[in-house]
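Peer 1: Can you keep this structure in mind? I'll have questions shortly.
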Amino acid sequence: MFICVLAFCNLSKSMTGSYTKSTITQIERRFDIPSSIVGIIDGSFEMGNLLVITVVSYFGAKFHRPRIIGAGVLLMAMGTLLMALPHFLMGRYEYESVASPVNDAGNFTVTSPCTAGSQNIAQQLTAGCDKGEEQGSLMWLVLLLGNSIRGIGEATVGPLGMAFIDDYARPENSAFYIGCLYTISVIGPLFGYSLGSYCANLYVDIGFVDKESVLITPQDSRWVGAWWLGYLVAGALSVLSAVPFWFLPSALPEVPQPAEPDASSGQPVHTCPEQTMVSLAEIAKGNVFICLDFVPSLKRLLSNKIYVLYLIFNALIFNGFVIIVTYTPKYFEQQFGQSASRANFLFGITSIPAMCLGIFLSGVIMKRFNLDQLGAAKMGFVTYIAGFLCTVPYFVLSCPNMDVAGITVPYQRSALAGDVDVSLLSSCNAGCGCSLNQWDPVCGQNGVTYVSACHAGCNSTHGSGMNTNFHDCRCVQNWGVSEVNSTAVLGQCPRQSSCSTVFYIFLALQSLSFFLLCLGSVPLFLICLRTVEPELKSLSAGMFMLVLRLMGGIPAPIYFGALIDSTCLKWGSRKCGGRGACRMYDTQTFR
């Protein structure tokens, strides 16, 4: 029963964590922040976890462990629900567009792309800035706080739960139980990324704006999905998973274990460790012996050379893992031109089943062959090397940068072969007064994307809303296109069809790599528990989690987010000035 309850808890916990990863690009665009700030928000979970995990791991074992886990899960649910709050405190999402609704009937007015167009858009976007009305400039701090609280609550689940199982299960069954738990935990991200995919396909202000008035698609770099909706679902699920823990006993009946008879009495001695229950009142009265015992216990733990080597190895591996699960969907969007919804969905359905199978088989192999510590280490070594080799082809699986006039290609086809500076302004749009901060892309008849219809030098428009067409575009004519065909439509030009093939190869290799890496997960985790003394198992698991967060979970998304920011080719701008979210990256440097 405890394993079932803990499995449901891990399912909701991992689903929430993966959903948070899936909303990275949505949050970045909604709050107009760079990837490095998003990395700080993502790392705040580890920061909150780091504050309490060592204390919880050590002192939690002295109390009613199931109830402590239940309290932590409730706190985790509160943090998850808090992360959805900014949506209800902020105004409606606004984005640059050459077409805008003028009344509730859904009619549109189209400004002139050239000359007055960019000035009108600039006036619309800066309206209210003199009164300090920019919405959501610091609302991302609420997300950071909620994610930190979620991390504090999660600190009780892993160390106390795993140690509880290892205390009361037969040694030969412990690996199988933990493998099953890990498998169910990895199923959570499948639901998390699927939920993220569904929410990313819904417009952020769904239910509050007319669908027909939305002039951007999920493929657009300005699109923001309903990122907040999934946090409400995940928070409610976490509340449900917390309830059963309050009805479980503090200790389980001892399982009969093979044991040698006591020399004096002739009675068998059970190997199951006794749980010394310490009340809060005892500590309050000054029972400081537990605190005094903590430092020697920690010293004994860190004197174990195998355990220390194990921590260093996992810290390195965890850096790569955090980077992969955090930024791979974003990489799919930028490198292969996938929408946020499709990127999350494909990452979930290809990677998660491979991870589940790998983790489950690793537990089965441990049970079937009854591997000792050296056997577990050998198995982990082989699987990790094989998994790493599967990632080497990533370096050649790429798609070329999208052709964007003034950013990746010049405005004139004849300048492609020459060494010509690429600039957003050219002779074909010099008289249009286009803003350098504008991002309202259109696709020209020549297959080149332009930052806006103004930058394409278009002089007339036909149609309205998503069916708006731009005509007499002088910059399109520079590519040898006839005046009749010098048209453009809203949105970026589609990627080359050959990119789809490369994308599917990438997915297949990534799934194989995940399978091989996870095949060694349970053997390596058991090294953490079996190389230390029985009374230090909870502390060893807690220290393991602490090192992973301190050396990997916190810095990895921040420093890698900053590296991603360095590859940005076109930054968006905030409503009242300042740099916003990146609109386009250099895919070669990003890769």
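Any Cβ shown, glycine's included, is placed from N, Cα and C.
As annotated in TrEMBL:
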DOMAIN    1-591  domain 'Major facilitator superfamily (MFS) profile'
TRANSMEM  38-61  transmembrane segment
TRANSMEM  68-89  transmembrane segment
TRANSMEM  175-195  transmembrane segment
TRANSMEM  228-248  transmembrane segment
TRANSMEM  307-325  transmembrane segment
TRANSMEM  345-365  transmembrane segment
TRANSMEM  377-397  transmembrane segment
DOMAIN    422-477  domain 'Kazal-like'
TRANSMEM  502-529  transmembrane segment
TRANSMEM  541-564  transmembrane segment
Peer 1: Are the transmembrane segment (541-564) and the transmembrane segment (307-325) near each other by the rule of at least 3 C-beta pairs under 8 angstroms (pairs 6 or more apart)?
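Peer 2: When sequence-distant Cβ pairs are counted, the transmembrane segment (541-564) touches the transmembrane segment (307-325), since at least 3 lie under 8 Å.
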Peer 1: For the transmembrane segment (377-397), which recorded stretch in the set 175-195, 345-365, 502-529 gives the largest number of Cβ pairs separated by under 8 Å?
Peer 2: 502-529
Peer 1: Grab the same-chain neighbours of the transmembrane segment (175-195) for me: Cβ-Cβ under 8 Å, and only residues 6 or more beyond its ends, written as numbers and ranges.
Peer 2: 3, 6-7, 10-19, 21-22, 161-162, 165-166, 169, 230, 233-234, 325, 329, 344-345, 347-349, 352-353, 355-356, 359-360, 362-364, 366-367, 518, 521-523, 525-526
